[in-house]
Ligand SMILES: NC(=O)CC[C@H](N)C(=O)O
């Protein structure tokens, strides 16, 4: 075991036990999820962040690739009270620094009180507090990661469920989780996954029944191409979105987004559906929120803890979005029917088949 230091914005340095060596910097956030570490670590929405697990033991059921949401680990570094050897081996194999044996209650309390903050990490035989402080010094604010979409998106368009008979989905990949694509393909959709900066002509070429904006890391203000795409399509094509997708859709329709103090990350965030009065448990991972939905969207679901918008519907256009993660990986499966609703919206817009009248 080696030395490990975590330098927090403001200069406070916490000492821990080094498990996977290296230096890193990023926005310090925490998740309260007590399982699902494989899904969280491979969720592209954690790009440029340092993930603290508030649950004290991480790795107790091993590491299995079939649970991965993408092909790599996205947080820049990982902090937990206790990491198992299995998970450390995985982090080490991808050069992701890891620290344990520190009081994560202190880290979480700091983030809750001060908000998500920059941090610097140094782990290794000769690591020093100054190395961690030097990383902190170089850490950018999340909103300054203007090219973050490029870091996580596909380079070329790919197609999933090509042999399916259902709806055609044009999914804009701003850092999509694999289980979102799987949820659509399992419902017989053909999903064309486009780079985050796809043009209207690219998307038009597949004649989509619905334009779907994915989840993804960073500030929605840094995804102007996707915002423009929504504006161009929304009059004629149904639009759906998850998490970053909800934020992008709101920005495209005259709404605004803002940074939250420390965000929502966990698997037991209660959400109230304003029409049915039903509360569902949801899985979440976001640090921004829709501040004002604008004139073309209405809030249909809210977070029970802080009233922030969790679901939006179009008032003038066919639009449906969620701030939480209905694909529920990890998470309770209360919300999977979102994908049925999206495909129903898409079906409704499909012009009736022309039947020969002979
Ligand atoms: N999971 C997501 O799509 C996250 C959205 C956005 N990056 C946020 O932090 O709010």
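A Cβ is built for glycine as well, from the same backbone N, Cα and C atoms used for every other residue.
Of the residues proposed, 20, 35, 45, the one TrEMBL records at the same L-glutamine site as 216, 218, 244, 247, 285, 287, 288 is 45. Report note: the L-glutamine site is defined by 45, 216, 218, 244, 247, 285, 287, 288, and the residues of the same chain whose CB lies within 8 Å of the CB centroid of those residues, excluding them, are 215, 217, 219, 220, 243, 286. Looking only at the active-site residues 243, 325, 327, the one with its C-alpha closest to residue 288 (L-glutamine binding site) is 243. Maximum C-alpha to C-alpha distance over the listed L-glutamine-binding residues 45, 216, 218, 244, 247, 285, 287, 288 is 13 Å. For the binding-site residues 216, 218, 287, the largest tally of other C-beta atoms within 10 A is found at 216. A Cα-Cα distance of 19 Å separates residue 287 (L-glutamine binding site) from residue 327 (active site). Selection of the recorded positions 216, 218, 288, 327 by a Cβ distance under 6 Å from ligand 1 yields, in sequence order, 216, 218, 288.
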